[in-house]
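Asks: Before I ask anything, let me first share the structure, which is written out below as structure tokens.
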Amino acid sequence: MNCQQLWLGFLLPMTVSGRVLGLAEVAPVDYLSQYGYLQKPLEGSNNFKPEDITEALRAFQEASELPVSGQLDDATRARMRQPRCGLEDPFNQKTLKYLLLGRWRKKHLTFRILNLPSTLPPHTARAALRQAFQDWSNVAPLTFQEVQAGAADIRLSFHGRQSSYCSNTFDGPGRVLAHADIPELGSVHFDEDEFWTEGTYRGVNLRIIAAHEVGHALGLGHSRYSQALMAPVYEGYRPHFKLHPDDVAGIQALYGKKSPVIRDEEEEETELPTVPPVPTEPSPMPDPCSSELDAMMLGPRGKTYAFKGDYVWTVSDSGPGPLFRVSALWEGLPGNLDAAVYSPRTQWIHFFKGDKVWRYINFKMSPGFPKKLNRVEPNLDAALYWPLNQKVFLFKGSGYWQWDELARTDFSSYPKPIKGLFTGVPNQPSAAMSWQDGRVYFFKGKVYWRLNQQLRVEKGYPRNISHNWMHCRPRTIDTTPSGGNTTPSGTGITLDTTLSATETTFEY
């Protein structure tokens, strides 16, 4: 089972701008990294800029309904110490409402309880887990059937620091309580080291945590409403627990409203379920350890995104994060993208597919998009933003275009040969991106190349993507890119390093 949550140690020595952090400060920094607020640099991964930590703290405080100061105050520390779910917090940035991560293509699901916690009588624990499913079927047209053996859509298990069920181990009592996979993987894991209870304020309430994780398994992300079941932090036992309106709205957005019961023989008009359209043949969920990438992007807040088919995941020093439907994060964006690029200069994210381009600011599409590509060839291979000249590069075949986002770029001399500027990289790259220090990465097949600030491939490349980026178990490394080799060359092409003084409308 490939369990895809983000995990980091809490006592690793780190530095901020060369200053060693004490153990009292390490946990908050790792917390921000673990739950998606702070991205560790890929290169020199023990260095953080103070402004990055301040921005991450502000985002966490805003999401936690705390006073937003960007400072590590007592209230922020206390919030970080609260037990919580192990899934990241990619909140819905468009509104404060629920976040949808995917859905099952059926409404009758089976579940299997593989084992039970030792702190509760078996019948009590089993009843709590069953009630967790009932909470959702009470408000949505879903039915659940428990099976005692064989395959099941959703599988629940308790395990600790070492387990064959999941490669991501738990951390002992407190902190991370449970985690789950999104549809249609169906795994729900609970930390067996927790003191699981029912009907008491002591310990951790099993029914509430189980209902939260089943919500993830059904396709719901975290909610920014602190009283919602799908809030990331466990708020304690609630004797008269019921779903928050945001929880209900989220599950009904996925599966429709539960039809009212028709009493006697009276005819009652029922509202048709409002279910988002789902592709008839969605692309299969990729394996980050073996999939060839469609696109890579260093996005806002320093988060690295990898794209394949209809799915996207974040990449950190801990490996791949959870998989999300592309359209769940960027509403209106299709899968199977050709290229993706984020520009810190303009805060714009551009996605390319076929002869169209989409532009987003964070997770909100800009008005008037998508637009048709008129002056650049369709079906691009890759795109990247280079911080040293603040321009966007677009790649197709053996050529590239250099684009100033804030000026009407003269493309009459483009495309120019890739090998003339980027020495030692392949034609037709499948993905590309740059790092904050000016290094550039090209991806093709199972391998990648790293270029220095002079845009020349460094020694020792290409290297394996799965091992060095996704941190998967070592496999036989094939360093031959798919389709032809390249000839390093340097023709002295000069980069355009001038920036436009005023913003103008760009015709794509």
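Placement of Cβ uses the backbone N, Cα and C atoms for every residue, glycine included.
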Asks: When you get a sec, could you say which of 67-74, 83-90, 491-498 is annotated motif 'Cysteine switch' by Swiss-Prot?
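Replies: That would be 83-90, the stretch labelled motif 'Cysteine switch' in Swiss-Prot.
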Asks: Which one, CYS3, CYS472, is listed by Swiss-Prot as the other cysteine in the disulfide with CYS289?
Replies: CYS472
Asks: Counting across all protein chains shown, how many other Cβ atoms sit within 10 Å of the Cβ of CYS472 (disulfide bond)?
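Replies: For CYS472 (disulfide bond), the 10 Å Cβ neighbour count is 19.
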Asks: Going by DSSP, how much of the repeat 'Hemopexin 1' (286-333) is helix, how much is strand and how much is coil, in residues?
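Replies: Output for the repeat 'Hemopexin 1' (286-333) reads 7 helix, 19 strand, 22 coil.
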Asks: Averaged over the repeat 'Hemopexin 4' (426-472), what pLDDT does the prediction give?
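Replies: Result for the repeat 'Hemopexin 4' (426-472): average pLDDT 90.
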Asks: According to DSSP, does CYS472 (disulfide bond) sit in a helix, a strand, or coil?
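Replies: In three-state terms, CYS472 (disulfide bond) counts as coil.
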